[in-house]
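Asks: If you look up TrEMBL, you'll see B:109-142, B:176-209, B:210-243, B:312-345 marked as repeat 'TPR'. Annotation source TrEMBL lists region 'Disordered' at B:448-522. What TrEMBL lists as compositional bias 'Polar residues' is B:456-481.
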Amino acid sequence: MAAASSSDSDACGAESNEANSKWLDAHYDPMANIHTFSACLALADLHGDGEYKLVVGDLGPGGQQPRLKVLKGPLVMTESPLPALPAAAATFLMEQHEPRTPALALASGPCVYVYKNLRPYFKFSLPQLPPNPLEQDLWNQAKEDRIDPLTLKEMLESIRETAEEPLSIQSLRFLQLELSEMEAFVNQHKSNSIKRQTVITTMTTLKKNLADEDAVSCLVLGTENKELLVLDPEAFTILAKMSLPSVPVFLEVSGQFDVEFRLAAACRNGNIYILRRDSKHPKYCIELSAQPVGLIRVHKVLVVGSTQDSLHGFTHKGKKLWTVQMPAAILTMNLLEQHSRGLQAVMAGLANGEVRIYRDKALLNVIHTPDAVTSLCFGRYGREDNTLIMTTRGGGLIIKILKRTAVFVEGGSEVGPPPAQAMKLNVPRKTRLYVDQTLREREAGTAMHRAFQTDLYLLRLRAARAYLQALESSLSPLSTTAREPLKLHAVVSIWVQGLGPTFKLTLHLQNTSTTRPVLGLLVCFLYNEALYSLPRAFFKVPLLVPGLNYPLETFVESLSNKGISDIIKVLVLREGQSAPLLSAHVNMPGSEGLAAA
Amino acid sequence: MALTVVPSFSVSGVWKRTQFPVSTESQKPRQKKAPEFPILEKQNWLIHLHYIRKDYEACKAVIKEQLQETQGLCEYAIYVQALIFRLEGNIQESLELFQTCAVLSPQSADNLKQVARSLFLLGKHKAAIEVYNEAAKLNQKDWEISHNLGVCYIYLKQFNKAQDQLHNALNLNRHDLTYIMLGKIHLLEGDLDKAIEVYKKAVEFSPENTELLTTLGLLYLQLGIYQKAFEHLGNALTYDPTNYKAILAAGSMMQTHGDFDVALTKYRVVACAVLESPPLWNNIGMCFFGKKKYVAAISCLKRANYLAPFDWKILYNLGLVHLTMQQYASAFHFLSAAINFQPKMGELYMLLAVALTNLEDTENAKRAYAEAVHLDKCNPLVNLNYAVLLYNPGEKKNALAQYQEMEKKVSLLKDNSSLEFDSEMVEMAQKLGAALQVGEALVWTKPVKDPKSKHQTTSTSKPASFQQPLGSNQALGQAMSSAAAYRTLPSGAGGTSQFTKPPSLPLEPEPAVESSPTETSE
């Protein structure tokens, strides 16, 4: 833990115009080794001495070493290992007695660990879920050996198919087993009572009966089995239980438990459910069509960040008010509350290393950070009222203090036409030559046009002639003869391999007709006998099955010792006809073997 | 409940395929005390938090750990792994994992929905519909199921069923996406009015969705309801001042009104964001053309042409600008290229004929005019130009026929719309009428006195050119270009005037729209 003082704050160099910034850089430690979520950050005067501490439920690097860290100023004050990963941390007042030091609650697995004065005080465990009576019955039968494993498996499977609630893990494990292992498993586990335990996914606090800043609060827990629980702050009994259609991820509460409250729960199915005191089930539902990444209440507006890189504002009845698009993915969100100016705003940490602060849809401020911020928290820290605490993806810790003179003004940066509007269009320039040519075209346009047309006709004429000639003499390597009853489509391609004086010439023949094979073809090579010799200058082609590629190989010996190369003509003929079906010219390479010698 | 698509395999079998090593720890028979099982859902919250942060590597690490600990029984871990697979493009793998989830908890509609979604992404729409129907049995009131069923039906071209499902989805819960899909169906069916109705409702529901606003604006534009089109495009630009589609559409409307400077400033925004957009450079080019900066216009149009060599509108504009620059040989090439891509447009042949006339190839010019007259139905300019060409060598009779044809079109246009004619064209027609000794039967609507358009027409039509013999090449070219440069504003949907050059719209939203060229070219 580096004991970095505020002097190294210029490491946060991203904030270029230091003087104009609304923030003072108090502390930056890129190696603070804090890996956590916004839900696991809490600020509280834990010892009642007016010095606010930062409580961090740290997951540890890679989620391996969960720890409870308490920071005072830039330093870690205490650090203690946790039994499991913390899901949420909250501070709350348990009772009215003096001294009014808040307790710390840490949700982890199925338990809430409550600390007072940073000493373990109470451990609340979620009650066991009732097992399915049918399932219970089956295992009881198994215990008394009245049921064989196969029947047990079938019965359990039928329960799984039909029952609303899932089976206990013991049954699920059993269903996975092979036949041979069942007996042993049943014998081993039959005496255990079947259990279903759930875990806490999120936690927040709710004032009990007073709206004051320092009023007694209840804990509100969201659990994996789609329930919300409200706990009594003193006795830790369950005061209320509400059920949701999906697993809650983020909670936002307003009001008092004994009077009236509203609870908004962002859930894993992408919906946000809004409940009230008297409702056991959600009263309103907001469907986001994306996953929520944060849920913050600002006055009466619910601000939701979604995975589609946008912030949405909703009323308490689920009506959409506005949408703001972010430049990058939102990683975390939290509330910024400046009591002295009565300001409430939303902070969003983005994947591009920005922290944006919005009041409704108006951007108030952008903080550039050296690394993407993964958790945020704003409030009183130490003796400073407006402190922003951020941890980064790499485990760094950034602490910034809001200047006392700083006033957030709406829309400092993004009002008016976009900056691109002032940029000059990049119109391609034209050269002097272009202008000259234009002038010439104006003068002699007609002549140019005529010359062009004449040339074009000549070109077309020549192309047509060449084509006709090629057709007449079958000079093309592609044949489509339609004269014969057997329609022949054949393609020839030729490879020449070797350096000389001996080359290998490979002729690839392919019958491209779809159905009919070709029989009775001959291949003939025409060449200058003074330059080359071929073992077989004329041979029959085997039957050509449609579609297949037939490589026909022959050796060519170069006779010339002067490195002269010539053309070898390859003709494909039909038996009994003198006109070739196909022809190809092979430009033989010079014999390098001789040239070198 | 019977799963129709999901093969019912044993869970352990799947896990062998999906490469999560299963620890054999608890399968060892132990003598005395049975081991405590870990809670299956212990780290689901962590998986979810990593997943929504798009930190997929960390997410995968937790999933792997969780699955090892629970021997592949943790449904949510498999579910998220499948979601990540799908995001990474491994749809087949994701499908298999979702099927595993469906086996682990057969009562969950969500798993079935995801199975169906993967099937949908694999293009197996029918199978997807079957699974969605299964899911719908488990959860009646899910807009997502209805919406996705609707989308599947769209791909199967069963538009009626698709509409039913989408309306169903809207009844359950209203979403922008559903409106967009519903509008798309109407566009595919070619029913613009219904599409507009849908988009109107959508905009009411979600007034800040720029995509909806832009689409609605473009639809109004196609119907020629310019006021509303501009209103919606303007709204879209208020919420998102860099919206490419909206800027291009609004810019093209400004161009139609002759506000070239405003349009150009708007285009600058797009030019920064989308550098290589052919319609953008086309429109910028035509702005410069409107401002009489012909060299810049040609530069921009050539860039557009370089970016989209097969777009006939750009070639048309290039031809037009070259005609104005009296580079007839170049104009000929651009126009003939345009005709190769769009052989069904009378104006193109007319411009080609003008070019040919100037290249002193009267025979071909006549043939081009004949083709133009044959193809064109409502543009009197074609006939007028043809008549002038015929009149000059003395073919008075044919010229007269064309003149009368022109009169017919003019009176037709006047009946259908309060269209104003280009003053230069009127003048030319009157001169020709006098020369052909036809009684002045035609009452031309007065040319507009709008200072902007006045400026345009007067500056192009040099008075000198009218002193020349009637219908000389020079005058013809002038008449042509000025008429083409003049932008008319037809207010009725019926009589569309086509002598405006088409400023390109941004990518038309629907293929169905593209098939009606008269609409898109405006």
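Any Cβ shown, glycine's included, is placed from N, Cα and C.
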Asks: Just to be sure I understand, if DSSP states are collapsed into helix, strand and coil, how many residues of the repeat 'TPR' (B:176-209) fall in each?
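Replies: For that range the per-state counts are 27 helix, 0 strand, 7 coil.
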Asks: By DSSP assignment, list the helix, strand and coil residue numbers for the repeat 'TPR' (B:109-142), in that order.
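Replies: Residue counts for the repeat 'TPR' (B:109-142) by secondary structure: 27 helix, 0 strand, 7 coil.
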Asks: Quick check on the repeat 'TPR' (B:210-243): DSSP residue counts for helix, strand, coil, in that order please.
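Replies: Across the repeat 'TPR' (B:210-243), the residues distribute as 28 helix, 0 strand, 6 coil.
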Asks: According to DSSP, how is the repeat 'TPR' (B:312-345) divided among helix, strand and coil residues?
Replies: 27 helix, 0 strand, 7 coil
